[in-house]
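Single-structure report; data block below.
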Amino acid sequence: MYASREDIGYDFGDDSKVGSKPVKPNPNIDGGWAWMIVLSSFLVHMLIMGSQMALGILNMEWLEEFNQSRGLTAWVSSLSMGITLIVGPFIGLFISMCGCRKTAIIGGILNALGWILSAYASNVHYLFLTFGVTAGIGSGMVYLPAVVMVGQYFQKRRALAQGLSTTGTGFGAFIMTALLKYLCTEFGWRNAMFIQGAVSLNLCVCGALMRPLSPKDVVSEKYSVRSNSEGNQTKGLSHSAETIKSNGVLSEELEKKEEATNEEVIDSVQHIEIGGKSRSGRSMYGLRILKTVSQLTVTVRKGFAIWYSSYFGAASLFTNRVFVAFIIWALFAYSSFVIPFIHLPEIVKQYNLSGQNNIFPLTSIIAIVHIFGKVILGIIADLPCISTWNVFLMANFTLVTCILTLPLMQTYVSLAVVCALIGFSSGYFSLMPVVTEDLVGIKHLANAYGIIICANGISALFGPPFAGWIYDITQKYDFSFYISGSLYMVGIIFLLIQPCMQKKQPREKTKEEAQA
């Protein structure tokens with residue numbers, strides 16, 4: 001059974017040097033500034049995910065303003081939500097080159113620009129570009145660093161920290177819904193989007209709080225986790241571990257050679273600059289520009305090399321079969337959570353439960369319990385006697401069961417109970433970064449989690465329109481839940497099968513064992 005990344009065995013580096021020379025851990029790991037990172041991530045989730053869950057308010061305004069079909073207008077919100085997640089792998093490249101802080105600040109500016117430009121929309125297609133694409137990419141550039149930074153600053157209480165930070169989605173859904181509704185009533189939807197764009201500039205402040213850890217601190221963090229877990233965890237899946245580890249060493253050797261070449265280029269520029277001090281000021285200014293361009297080129301090449309090797313190189317993330325199964329699961333999982341938010345109001349209307357639903361909406365029940373689910377599941381997953389992987393799987397089984405049984409409920413009380421279970425079990429979202437880090441390690445968390453949220457984005461982009469298409473054919477929402485739930489179950493089965501298959505693979509003998 002899954003326990004940690006030592007069991008999955010996805011380590012890209014040789015840690016023998018680290019183990020022989022332990023480093024004093026940074027006091028900001030699991031404490032100190034780490035809680036400011038949690039606050040920053042909480043605000044990011046509130047401003048981005050909370051705003052996206054409140055887009056129903058603006059969707060009604062767009063329908064009235066542009067007189068387009070519901071399907072076409074719904075693509076504006078769907079594009080924004082989908083692109084936020086789909087761009088994850090490419091945002092990983094920005095993080096490799098610029099770091100989380102700069103990426104988040106640039107993303108905050110881009111997100112605010114998308115909101116402000118959307119205030120001048122003349123048609124729905126204009127919103128596709130400004131709100132769907134521009135604001136969506138900006139949201140993705142802030143969202144991924146917010147998740148990655150929490151993973152870097154926490155080890156002992158990672159699940160709890162991720163749970164607390166992602167509760168910003170639930171709080172944001174309430175706050176942003178009320179804010180957008182008030183702004184649209186008082187100032188109109190165009191001015192509301194302009195004001196929301198100004199509010200989104202606070203994402204730049206959140207990005208500024210993402211103070212990066214030094215490489216020494218990351219090494220220290222990695223050493224402390226490994227030393228604590230080696231005494232308690234068995235070395236399952238050792239064949240997979242050794243294979244990927246050897247690939248990682250190869251990748252690091254190539255990276256060191258490239259760094260040496262790049263340093264020679266900069267040294268040669270510096271030598272020319274020193275030798276040319278007697279030249280004119282214009283020549284010196286040109287040399288400084290050349291030096292800056294050379295340093296920027298080195299940074300870009302190094303970041304691209306790390307990003308490329310993670311996806312396509314010898315140390316590719318896709319050599320980990322469990323991680324590939326995780327991607328397949330992500331392709332089907334997110335739509336099962338989004339579809340109820342879109343179709344529940346119509347289901348309630350069909351069952352003549354609108355009066356009770358207006359008093360306490362079922363979607364509000366999901367959002368409220370979802371907040372508690374993230375925190376509680378995070379606390380449970382951090383207990384030393386409980387596996388994060390088992391908590392993750394149990395929450396998924398509960399959610400898929402609720403999705404499959406929801407169409408059978410025809411009273412408000414039964415629907416409320418199922419919605420509460422959906423909200424609580426979907427709290428496993430806070431465990432996704434933790435499980436991803438256990439699979440690939442902290443060094444490759446940005447690229448790996450970028451792939452996972454990209455798969456979620458594809459699910460969010462095509463899931464709701466697919467459910468609407470099924471309704472147009474069958475005139476029932478039941479089949480939308482049955483089909484999405486069945487696909488979701490297929491993804492869970494992949495998560496169960498792959499670890500078992502890897503455990504059965506025989507381990508290759510080392511050279512020492514072969515000689516003996």
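Glycine is no exception: its Cβ is also placed from the backbone N, Cα and C atoms.
The transmembrane segment annotation in TrEMBL covers 33-55 (among others).
Per TrEMBL, the feature domain 'Major facilitator superfamily (MFS) profile' maps to 37-503.
Counting same-chain residues at least six beyond the ends of the transmembrane segment (75-96), those with a Cβ under 8 angstroms from any Cβ of the stretch are 48, 52, 55-56, 58-59, 62, 103, 106-107, 124, 127-128, 131-133, 135-137, 139-141, 143-145, 148, 302-304, 306-307, 310-311, 334, 338, 446-447, 449-454, 456-458, 460-462, 464-465. As annotated by TrEMBL, transmembrane segment applies to 75-96 (among others).
Summarising the annotation, TrEMBL assigns transmembrane segment to 103-121 (among others).
Taken from TrEMBL, the feature transmembrane segment covers 127-148 (among others).
If you look up TrEMBL, you'll see 160-180 (among others) marked as transmembrane segment.
According to TrEMBL, the transmembrane segment annotation covers 192-210 (among others). Long-range contacts of the transmembrane segment (192-210) within the same chain: residues 36-37, 39-41, 43-44, 47-48, 51, 58, 100-105, 107-109, 111-116, 118-119, 138, 142, 145-146, 149, 179-180, 183-184, each at least 6 residues beyond the stretch ends and with a Cβ under 8 Å from a Cβ of the stretch.
Residues 8, 10, 53, 81, 85, 363, 366, 396, 399-400, 403, 406, 419, 422, 426, 435-436, 439-440, 448, 451-453, 455-460, 462-464, 466-467, 480-481, 484-485, 487-488, 490-492, 494-495, 497-499, 502 of the same chain, all 6+ positions outside the transmembrane segment (322-342), place their C-beta atoms under 8 angstroms from a C-beta of that stretch. Taken from TrEMBL, the feature transmembrane segment applies to 322-342 (among others).
Annotated transmembrane segment per TrEMBL: 362-381 (among others), in sequence order.
Residues or ranges marked as transmembrane segment by TrEMBL: 388-406 (among others).
Sequence-remote contacts of a segment are chain residues at least 6 beyond its ends whose Cβ falls under 8 Å from one of its Cβ atoms, and for the transmembrane segment (412-435) they are 147-148, 150-151, 158-159, 162-163, 165-166, 326, 337, 340, 344, 347-348, 353, 356-357, 360, 362-363, 365-370, 372-378, 381, 388-389, 391-392, 395-396, 398-399, 402-403, 405-406, 445, 449, 452. According to TrEMBL, the transmembrane segment annotation covers 412-435 (among others).
The transmembrane segment feature in TrEMBL is assigned to 447-467 (among others).
Sequence annotations record features per position, and here TrEMBL assigns transmembrane segment to 479-497 (among others).
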Leading stretch by Cβ pairs under 8 Å, where the reference is the transmembrane segment (127-148) and the options are 33-55, 362-381, 447-467, 479-497: 33-55
Residue numbers, six or more beyond the limits of the transmembrane segment (388-406), whose CB comes under 8 Å of its CB atoms: 1-3, 159, 329, 333, 336-337, 339-340, 373, 377, 380-381, 415, 418-419, 421-422, 424-428, 431-432, 434-435, 438, 481-482, 484-486, 488-489, 492, 495-496
